[in-house]
Structures are given as structure tokens and as C-alpha cells.
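Taken from Swiss-Prot, the feature transmembrane segment applies to 1-21, 66-86, 127-147, 166-186, 245-265, 281-301, 327-347, 354-374, 377-397, 416-436, 482-502, 531-551, supported by sequence analysis.
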Amino acid sequence: MEIILFLTMMVMIAYVFSGYLYRVALVQSSRVDLIFTRFENMCFKIIGTDLEHMSAKTYVKHFLAFNGFMGLITFVLLIVQQWLFLNPNHNLNQSIDLAFNTAISFLTNSNLQHYNGESGVTYLTQMIVMTYLMFTSSASGYAVCIAMLRRLTGLTNIIGNFYQDIVRFIVRVLLPLSCLISILLMTQGVPQTLHANLMIRTLSGHIQHIAFGPIASLESIKHLGTNGGGFLAGNSATPFENPNIWSDFIEMGSMMLLPMSMLFLFGRMLSRHGKRVHRHALILFVAMFFIFIAILTLTMWSEYRGNPILANLGIYGPNMEGKEVRFGAGLSALFTVITTAFTTGSVNNMHDSLTPLGGLGPMVLMMLNVVFGGEGVGLMNLLIYVLLTVFICSLMVGKTPEYLNMPIGAREMKCIVLVFLIHPILILVFSALAFMIPGASESITNPSFHGISQVMYEMTSAAANNGSGFEGLKDDTTFWNISTGIIMLLSRYIPIILQLLIASSLVNKKSYHQDKYTIAIDKPYFGVSLIVFIVLLSGLTFIPVLLLGPIGEFLTLK
């Protein structure tokens, strides 16, 4: 019952909050201008931008240059961190390949961690590298999404200014909400300190080092920005990051808020005046929520069903391996599905210990990469499936393929298909390389089907910019650091460039057909068609390899 109440409440909050995002996205005046305008203007002066509207090509150039500069600075700081200040625990520099992976991971909003949070980075790099990139990577995804929506909806005839979009989102959305969430987490017991690790003597007489630090400030943006990188190696399964059920709900709600609000924002932009959400966006929301609930049901059923091997021994009950007793199987399954649907990657349980079908659920969500998804980018990926559905359905019934009164032509379809293919190609090709390259498969710690699942999950998590993992995999090696780094880089930037190209190409076309010659995108049957095409297209792509992994493990586990 508490899960139903929580999900209902988050949908309502996201719907209301999308109205505020509408004013932020369209640079409309609001009551908070007096608070934020001066700070924004100061940021614009520091950046040196004149706030002139950019072309799509210029927008992408500045987006890539901004991200490239941040990535370079991050890489340098990680390989020299031991010689800098705010390192009371004397943590060492990262190796070249690990720093490459870490920099790309946080730059692309993936937060895939091949290092231990306690010893792999210093307080300085946690705050000015990890936390900073959690803000900017999230805001970058939002900015390019808003640029795409401005073009698709035709609400304005400009694409916007990249620096204005990213600064306004950080100042007016991320910073205020992060401060609020940090305070709420601190009230629940999440630490926020610059003191060195505690050294205590246990009851058995041994010396124990307890790691903590500025956790609350990172924890808030980690979930709000759908980042996922943990301050500690155990991530949100540790009491210092996620002490109790209330902090658990706060963190899950933080993950869901902005991606769901972005979908409602799209609906408000379609309705022109922003007072209501267009029916088309509501259809998309219901379709995605249906898939979300279906995967959640599968995961919870599998986890509550438990391990059949233990059942044969007379030990019945839910699967509690790798789970925190304070959360149990139910909230652990909910957190797992939310963190993979919204591509956050934080965990409150160990995904490697999930049952076969329990691990299949989050893996499928990352393979789809459209069920709400991350900040902005998730909606952009969903719109690619929407365009595919419109094109195929239109041709099936003999109507003109148009979306929002814009004809979909051969040029757009080439880009759409390329965006669709990038994701599975990266996952499947690099997974195959993991078994072909000598030494790479030595990182696998489980034989047979589950070992294949470990590899598939790691590559899928990198391609979806998620960051969670089957952590039985020994992934801090040269192969895994370089391969997943390349995957995260390509899967982030190539689709974004193509998606903005698609939007700019569509907006230059005008429809010469009446509504009766095009399919209706605001009817329930379109939502059903969208679900069917998502399942069919992804199923044909990934079912063979899933049979070798979690499905095969499920069928043989007796």
C-alpha cells in the first residue's frame, strides 16, 4: 500500500512541478526572479556569454566544448588528487585508465564507479569534481532536451542559448532542490562533515576505520540529477547514505521527480499556453508508466518468490541475499526498478544478488532506455521510439507519416534508425569483445549463465548511462575501464547530436495534408502501438542474449 501511495504522490508532484519547469524553460517571468536573477547575471558575466540565440549547430558546438573542457579538468584532478588539499585520509591518485573511466562516467551522467568511494577519491575531488559534474551533466541533458522540444513543438522559432539554459536550470531548479533534500537527509542522520575518517576500537579489541565525509550534499544531487555515484562503495545500501525508510523514500522520490516532470513539461509546451498538459504527452506517460509497473511487478514477484534451491531445502521466504533488513525485499525491488528506469544507478541492495528474473527486470529497463530515463535525455530517447511508431503505423494504414504536422522523410528516418541502433550495437559488440579478448573474461566471478549476465549488465549500464552494476564483476582493469569509458562516451554524445539534427530537420518542413490523412497521436491506440513497437523492436534485438543470461539461469535454477 505504501508503494502505491508513494507512486501516486510522485506523479501528482511531478505534474504540478512541470508548471514551474515550463516557466524556466521558456524564460518567462515568475515570483522567484528577484531571488535568482542577480546570481544568474553574475554567472553569465563570468562565462562571458551575450545570451544571443544560437543555431542548432552552434548549440551543439558549445555543448560539446563545455563538456570536453569539464572532462579534461576532471581527468587532470583525478591523477594528481593525492598532492592537493582536503585529503585527510591520504588517498592516492587514480591510474590513467581508471581516471579516464571516472571522468567520462561522471561527465556523461553515468556515474559508473570502478573505484571504492572511501579510498578512490579525496574530499576535494568528491566535492569539486564529482558533485560539480553531477550538477552540470544533469543540466546539460536538460538543456539539449529543451532545445529539441523548442524545435519540435514550434512554441518558439529559436533553439535557445546553451549557457542560459544550463545556468537557469542549475540556479532555479537543481540548487534549491538539492539544498532542501540535503537538509532532509541530514535530519535522518546522513553525515555532512570534512573531518577525517573515524578510528574506533571495537568490542573485540580491533581498530576499525569508519568512512564518512560531506555525504549529504552529494547524496541530494546524486539522486535529483539521476547521477547515482555513491560517496561510499556500498552506495545507498550503507546507513550513512541511506539510514532508514524515510531517507529511502526521499531518495527514490528525488530520482523520479525531474524525468517525470520533463514529460509533463513536453505536454505543456504542446498545449501552447502551458496551463494544461496535452493529451499526447499523457498518452506517452501512461504507456511508460505501464511498462514501469510491469517490470516492477516482475521484479517484486521474483524477489518475494525467493530462491528455489533454498525452498527445496525447506527454507521459504523472500530473497534477502544482498539486501538491507531495514528495507526488505519490497522496497529493495522498488529502488532497483526506479534506479534503472530513471537511469540513476544508485543502489540500496546488491544487484548481483538478485534472483534471475529480479536481475532481468532492471537489465531490460536499461536495454529499453526509454521508460522515463535520465534528465532530458530519457525523453529524447522516447521521442525516437515515438517517431518510429508514427512512421511504421502511418505506412501500415496508408497515411502520411507526420509528427506534430511535420512530415517524416528519408533523411530523418536514417538518423532515427541510427540513433536506435547505436545502443544495442555498443552493448552487444563490447559484450562479445569481453569474451574474446584474452584476460578480459578473468574479471567474471560467476560461471555459466550468471557470468554472462554480469558482462551484459555492465555493458548495458554503461550504454544506458546508468552506472549500477553486478558488482561481483572485477571491473577495475584496463579492459573494463577503457571499454566502458568508450561506450559511455559514444552512447551519450552521438545520439544527442543526431536527435538535435532530427528536430532541426523536421521543423523546416511544413505539412500540406489534412488531419484525416495522418494518424492521431493523442488516442489510446497510439499508446498501445508505442508499447508494442518498443517491446517488439527491443525484444528482437536482445532476446537471444537474454536467453544466454538471466532467462537461461532462471530455467536451470531448481
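Each residue, glycine too, has its Cβ placed from N, Cα and C.
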Spell out yes or no: are there three or more C-beta pairs under 8 angstroms between the transmembrane segment (531-551) and the transmembrane segment (377-397), with each pair 6 or more apart in sequence?
yes
If one takes Cβ-Cβ under 8 Å and requires six or more residues beyond its ends, the residues near the transmembrane segment (281-301) are 11, 260, 263-264, 266-268, 270, 329-330, 333-334, 336-337, 341, 354, 357-358, 360-362, 364-365, 368, 370-372, 382, 386, 521-524, 526-528, 530-531, 534
Can you say which of 1-21, 66-86, 127-147, 245-265, 377-397 has the most Cβ pairs under 8 Å with the transmembrane segment (416-436)?
377-397
Is the number of Cβ-Cβ pairs under 8 Å between the transmembrane segment (127-147) and the transmembrane segment (377-397) three or more, considering only pairs separated by 6 or more positions?
yes
Under an 8 Å Cβ to Cβ limit, what residues of the same chain, 6 or more beyond the ends of the transmembrane segment (1-21), are close to it?
30, 173, 249, 252-253, 256-257, 260-265, 267-268, 274, 277, 289, 330-331, 334
